[in-house]
Amino acid sequence: MAPSLLRPASQSLHLAPPCADAAADRGRSRSAVTIGGSRTLSVSLRVGGSSRREFPCTTMASRDHSGLTRQLLDFQHGTVDEIDGERDPFKELKARFMDFKQRNCVDNNSNYQNLAQQQTPKFMVVACADSRVCPSSVLGFQPGEAFTVRNIANLVPPYQHGASETSAALEFAVNTLEVENVLVVGPSRCGGIQALMSMKSKQDDSQSRSFIRDWVSIAKSARLSTEAAAGNLNFELQCRHCEKESINSSLLNLLTYPWIEKKVNEGTLSLHGGYYNFIDCTFEKWTLVYRPGLEGGSKYAIKNRSTWS
């Protein structure tokens, strides 16, 4: 079991090829597009301000995605008009994007031209996929400042776990981008940690296959440490404790990657934990101390702990 650092330290879219009778339907102004098992959606395509282009064929199930890519290439400057009366969920996103473009790209074009050539972030951030806790919004990261990967419960699997999107992101950030800091950020009210703390027995762990269950099991040691240290508390408080415990578990897992341990020992890479409580909007930050040659004591400690409130 990894030592606790919390104790005081000394559905898809498939399109078929064009229908054989496409020419007979060329006069129609609408076409039917079937998405998975959903109802038919009438769409029309307006290309570059010209008259609408027609899609007279109903799509069929297919595993061939090359047709989709060809359509994107053929109509990359077009826009789709939804005419079934439903609210377009992307309308507001478009307005936000145009505002972003003006403020960040047009008004600061030189910076974006530099970023187009290379990225040199100082931070690699491992954060939770929770929609309420975007690290760029919380910490104000600007484009080019943080290489970020988000997953359920902001977990870092150990090196022995094998390939994962998180380990691939770490390898690229540390070895190629040569970031100077890895920051693991966890939020309050984390659903992944609640799922982890709900796994109370081996029988529970062997229930029907769940990707979430399999993933959060990476942090079993944090759950066990929490039960030992805060087992007398109610479930909510146990989860709060485990949210921080799992961050420290991930920090220790980072050191199982040989190239991370090497850079930490050389002093060219620092490992940090962060806890964002979005209920009262506070942020706790700390840095991991690793002393591999230490005998007769813990190799791990924390320093530079502070709370921003």
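Cβ from N, Cα, C; glycine included.
The feature Zn(2+) binding site is assigned by TrEMBL to C128, D130, C190. Around D130 (Zn(2+) binding site), a 10 Å sphere centred on its CB holds 20 further CB atoms from the protein chains shown.
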For C190 (Zn(2+) binding site), the number of other Cβ atoms found within 10 Å of its own Cβ: 23
